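Visitor: Please find one structure pasted underneath; my questions will follow.
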Amino acid sequence: MGFTIRRFLGVKPSKALLSLPFLLTFLLVGSQGESSAMDNVATERMAEESHRQDSANLLIFIMLLTLTILTIWLFKHRRFRFLHETGLAMIYGLLVGVILRFGVHVPQSTSDVILSCAVNASPATLLVNVSGRFYEYTLKGEVSRGKGHQVQDDEMLRKVTFDPEVFFNILLPPIIFHAGYSLKRRHFFRNIGSILAYAFVGTVISCFVIGLIMYGFVSFMKFVGQLGGDFFFTDCLFFGAIVSATDPVTVLAIFNELKVDVDLYALLFGESVLNDAVAIVLSSSIVAYQPTGDNSHSFEAMALLKSFGIFLGVFSGSFALGVATGVMTALVTKFTKLRDFPLLETALFFLMSWSTFLLAEACGFTGVVAVLFCGITQAHYTFNNLSPDSQDRTKQLFELLNFLAENFIFSYMGLTLFSFQSHVFNPMFIIGAFVAVFLGRAANIYPLSFLLNLGRRNKIGSKFQHVMMFAGLRGAMTFALSIRDTATYARQMMFSTTLLIVFFTVWICGGGTTPMLSFMSIPVGVDSDQEVSGSAMLDGSQRRNTKHESAWPFRIWYNFDHKYPYSHVSPSEV
């Protein structure tokens, strides 16, 4: 039986031909609506799958922290001091990174389409016209040639690679604030002159020593053809600045547990706290170095002076902002009745402290410097205005945040050794970096200690100097500064080398701290709290003697507290 329009429509052919355009329009609109619905379903399915994968990635880090905490308990229970919790977190991160890189493969999606389009630059956002509908795509990163079949695996690794701003805006503030908030101010300000010398002068010396040595190695690498891209002297100085930031968290934890000499602890802790701030401002000043002319890497005296001015301006502005926020919080807590509502008081304290970092970054200053001095100011003034409940809450809250953030960063360090897509490992550069870091640390500690001992009553002995030299570990700040910009060949090589430096110093130097203390016969078992409680019983003349034996910045602060009593704190408690 034949098929005709008459039989299909049940009307005469002439009328069927008239209704045919309306029928085609109806079918076309219906098919487009069905296609749109299918696209929406596919988009929802992809969003749900992405959400599930993001949750799994975060679960990986939470499981890493959980496993680290359980192993830390086991180590403390067995009194095993060779490996600190940060080194352990790095090992677990390495193991997970190996599994994700080589053991997990995501099947290729059938919806992926690879098209070629010749453009002169890689746009951050791309609009694609698909059948009249525009879709927005964002730049994820470069895919190496010959790796088109590994796009899904690379995407999975990118999922566990966080935006560097996460470190600066979320993870670093509680670590830096806790360093200032938990500062033992009495011992810190007793050695403030030496600490400032090591942190400021020593960090600048270390930066230039490392930069010059690395420039020599880079020049030799270029001469023998071992350099795969541009690497200028300013890049060498930038590398010197970021690896001059010490983070001896492993050593300080062992010092605290063994109750090492309080002056040695204060010198090492104070230097590490302040030189992080100096290193980040110094690296920003090096990046801001812009001589006039076509060659942006040539030497120019005016550009150097401008960078030095930027260094002073950024540091002083950040310092003033942090202190102002701390004093403002102290005034609010003193002249209001927030003490009657400890929860609100703790919330205000937390938000004011964290906002200091973000405010400084938004104003063009350095949040690390601002939040550090905000923490010191809050501990000196605001803490004594808080209710007893808020005092306990704020201490425990920032101690917890510091612990979680620090171990998260060290776990992530281990993971990025395998998840980062643009590693550049150059053996000659790595060897030069280790040599430069060692010599830069030595140029910081030994000459400055000799000069400081000329004016110190309590001399810094050679054994203390050797321990400070050995304890110059690199950690969270060095890693955060290096991962913040990995766009160029030079920055990628810096980041890969920095990871290896952090691994070596945490595992080898941190693990060898206890044998080092025994070998150097450093006194342990010193109870600093007993010394502080005993100092509270001093009479007025003895307090004045203690004040005059301290450094001049301490005396200025002492007199300021007497003239403007913002809080309940007694100067003898500093």
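Yeah, the Cβs are placed from backbone N, Cα and C, and that goes for glycine too.
Caution: TrEMBL annotation is automatic and unverified by curators.
TrEMBL lists 1-33 with the feature signal peptide. What TrEMBL lists as transmembrane segment is 57-75, 87-104, 166-183, 195-217, 237-255, 308-331, 365-383, 403-422, 428-452, 489-510. Per TrEMBL, domain 'Cation/H+ exchanger transmembrane' is recorded for 68-517.
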Visitor: Taking the transmembrane segment (57-75) as reference, which of 87-104, 195-217, 365-383, 428-452 has the most Cβ pairs under 8 angstroms?
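Guide: Selected stretch: 87-104, with the most Cβ pairs under 8 Å.
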Visitor: Grab the same-chain neighbours of the transmembrane segment (365-383) for me: Cβ-Cβ under 8 Å, and only residues 6 or more beyond its ends, written as numbers and ranges.
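Guide: Contacts of the transmembrane segment (365-383) (Cβ under 8 Å, skipping residues fewer than 6 from its ends): 168, 172-173, 176-183, 185, 273-274, 276-277, 280-281, 284, 314-315, 317-319, 321-323, 325-327, 329-330, 333, 349, 353-354, 356-359, 391, 394, 477, 566-567, 569, 574.
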Visitor: Given the transmembrane segment (87-104), which of the listed stretches 237-255, 308-331, 403-422, 428-452, 489-510 has the most Cβ pairs that are under 8 Å apart from it?
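Guide: Between the stretches 237-255, 308-331, 403-422, 428-452, 489-510, 403-422 has the largest tally.
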Visitor: Can you see whether the transmembrane segment (428-452) and the transmembrane segment (308-331) are touching - at least 3 CB pairs under 8 angstroms, only pairs 6 or more apart in sequence?
Guide: no
Visitor: Cβ under 8 Å to the transmembrane segment (166-183), counting only same-chain residues 6 or more beyond its ends: which ones?
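Guide: Apart from its flanks, the transmembrane segment (166-183) reaches 269-270, 272-273, 276-277, 353-354, 357-358, 361, 367-368, 371-376, 378-379, 383, 394-395, 398-399, 401-402, 405-406, 408-409, 476-477, 479-480, 483-484.
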Visitor: Which listed stretch (195-217, 308-331, 403-422) has the most C-beta pairs under 8 A with the transmembrane segment (489-510)?
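Guide: Answer is 403-422, with the largest number of Cβ pairs below 8 Å.
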Visitor: Take the transmembrane segment (195-217) and find every residue of the same chain, 6 or more past its ends, with a Cβ under 8 Å from one of its Cβ atoms.
Guide: 188, 233, 236-237, 239-241, 243-245, 266-267, 270-271, 273-275, 277-279, 282, 428-429, 431-433, 435-437, 439-441, 443-445, 447-448, 451-452, 553
